[in-house]
Amino acid sequence: MKILSVLLLALIICSIIDWSEGQFTQESCTASNQCWSICKRLHNTNRGKCMNKKCRCYS
């Protein structure tokens, strides 16, 4: 029963912490497709989206 509570606590902590590995850039944007080339150039991934007029890249 102790192990179950430890695993539950670890799951809660991991879900609270931002584990998405998203990285904000200083590049401004108006649409997510503008971020794809920026993310490819800066972080070697083409997965990105425009959030609050800034590109966010996901690895």
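Positions of Cβ are set from backbone N, Cα and C atoms, glycine also.
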According to Swiss-Prot, the disulfide-paired cysteine of Cys57 among Cys39, Cys50
Cys39
In Swiss-Prot, one of 8-15, 16-23, 48-55 is tagged region 'Interaction with Ca(2+)-activated K(+) channels'. Which stretch would that be?
48-55
Nearest of the recorded positions to Tyr58 (site 'Aromatic residue of the functional dyad') by CA-CA distance, picking from Gln23, Cys29, Cys35, Cys50?
Gln23
Which same-chain residues, if any, lie at least 6 apart from Cys55 (disulfide bond) yet have Cβ under 8 Å of it:
Phe24, Thr25, Glu27, Ser28, Cys29, Gln34, Cys35, Ile38, Cys39, Gly48, Lys49
Summed over the region 'Interaction with Ca(2+)-activated K(+) channels' (48-55), the DSSP helix, strand and coil counts are 0 helix, 6 strand, 2 coil
How many Å lie between the Cα of Cys57 (disulfide bond) and the Cα of Cys50 (disulfide bond)?
9
Can you count the other CB atoms that lie within 10 A of the CB of Cys29 (disulfide bond)?
19
